[in-house]
Amino acid sequence: MQISVIGCGYLGAVHAAALAVMGHEVVGIDVDERKIADLSQSRAPFFEPGLPEALTEGFAAGRLAFSSEISEAKNATVHFIAVGTPQKAGSNAADLTYVFAAVEALMPHLKPGDLVVGKSTVPVGTARRIAELIAPTDARLAWNPEFLREGFAVNDSMHPDRIVYGLADDGNRDELKQVLDAVYATPIAEGAPVLVTELETAELVKVSANAFLATKISFINSMAEIAEATGADVTELADAIGLDARIGRRFLNAGVGFGGGCLPKDIRALMAHADEIGVGDSVAFLKEVDEVNLRRRAHVVSLAAEMLGGSVAGKRISLLGLSFKPESDDIRDSPALSIARLLSEDGASVVATDPEAIENARRVLTTVEYADSVESTVANADLVILLTEWKSFVQIDPSALSPLVSAAKIIDGRNVLDAQRWLAAGWDYRGMGRYRHEATGH
Ligand code: UDX
């Protein structure tokens, strides 16, 4: 099958490579020529485990190409729209400029019977507008949301836990379903369930899945606030409630909260759109979800001040982690970056490290010093704060760091360190919503 993928960001680049690995002939298209040059040489423009290998495999099979010319989409019969829908400047709404620009650029190259498949995360109703826009070309539209997680994107694309086709119920459904079944023949053969819905439901599935995940994280973070005020321990609480199969343990890790290019912007876009269509009350709770999440960042800063005798001013604070989560160099809406910014605004001298995200962070945050190793980051620190749970940080031997720091104090912003081990090595250890252990043991 000949397929084009318009937009080669986190979503499109991975999708194009995965489709080529699955056996299709794929051309990825993006207006950013540097991105295209990188991808054409199997270089991922961002850190994503497995992506360089998938690109190499696609090229080796002769089934993958990238281009900045939209006309290269002309031979494809299926066209995925995978451009970004960032938060609009000065508003909570999603910016759909790139989606409509991509569709309009594609239109002159569409042939009757082609299938345009939306993958971008959009407010409900967008698909219907695009269907009307492309109607004169006699191409058809489907909506097929993507649920991939950064860091696991290649695996999630090859082995999705579900595939959703949004197809208008206009008599062509079965025919369009067959086309999409052929696109996803490999995961379907592996047993991935397929759900066929109306366009609006498919658009909403993506947004509501992300809203649910964000709510789950903010729920446990609000319990962390209660735990902090009462002396309970939120990690033990999460283990206990997580064993209830109706609740489940995943996405119940309290800490510095969620970030990234999806959850924060998606809940805000859902609130903005719900307001616009007069059902704002239905998702008013998401405002609290957002606020609980942002409070975690401020909480880390006040905990730091408390541990440093009332103020962070003039103190040297070492940050372990900059990306919004491990196995990613993505710093969009990263809690670590906000915390770094807040600490330097309060007069701390901040030094940070990250296995992959330093270059990205350096571009947007210049008040912070960057170091290449954990050792040089913690040298002479008055306080160390773990903000992203990279494996290399989780495995740190606390007794090896003790001689390097000015004061052995650590905030575990992700509740991933072995508290007893750090305490035994003489550190003042503080987690998020966890027991206040004394260095002598609890
Ligand atoms: C998310 C969705 O999981 C994915 O299905 C969707 O397609 C895109 O958005 P992603 O943004 O890659 O994926 O990251 P995810 O793994 O969901 O983590 C989001 C944020 O939540 C991260 O900052 C992570 O650190 C945080 N998180 C996650 C927690 O704070 N606690 C948890 O228990 C889980």
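Any Cβ shown, glycine's included, is placed from N, Cα and C.
Just so you know, TrEMBL annotations are computer predictions that nobody has curated.
TrEMBL lists Asp30, Lys35, Thr85, Thr121, Glu150, Arg332 as binding NAD(+), and of Lys265, Lys409 the one it places in that same site is Lys265. The substrate site recorded in TrEMBL includes Phe147, Leu148, Arg149, Glu150, Lys206, Phe251, Leu252, Asn253, Ala254, Gly255, Gly259, and the single candidate from Lys74, Lys325, Lys391 that the record places there is Lys325.
Sparsest Cβ environment among the recorded positions Leu252, Ala254, Cys262 (other Cβ atoms counted within 10 Å): Leu252. Here the binding residues for NAD(+) are Asp30, Lys35, Thr85, Thr121, Glu150, Lys265, Arg332. Their largest Cα to Cα distance works out to 24 Å. Ranking the binding-site residues Lys265, Arg332 by how many other Cβ atoms lie within 10 angstroms of each Cβ puts Arg332 at the bottom. Between the two most distant C-alpha atoms of the annotated substrate binders (Phe147, Leu148, Arg149, Glu150, Lys206, Phe251, Leu252, Asn253, Ala254, Gly255, Gly259, Lys325) there are 24 Å. Ranking the recorded positions Asp30, Thr121, Cys262, Lys265 by the distance of their Cα atoms from the Cα of Arg149 (substrate binding site) places Cys262 first. Its Cβ placed at the centre, Lys206 (substrate binding site) has 23 other Cβ atoms within 10 Å.
With respect to ligand 1, the binding-site residues Lys35, Thr85, Arg149, Gly259, Lys265, Arg332 contribute Arg149, Gly259 as residues with a C-beta closer than 6 angstroms to one of its atoms, given in sequence order.
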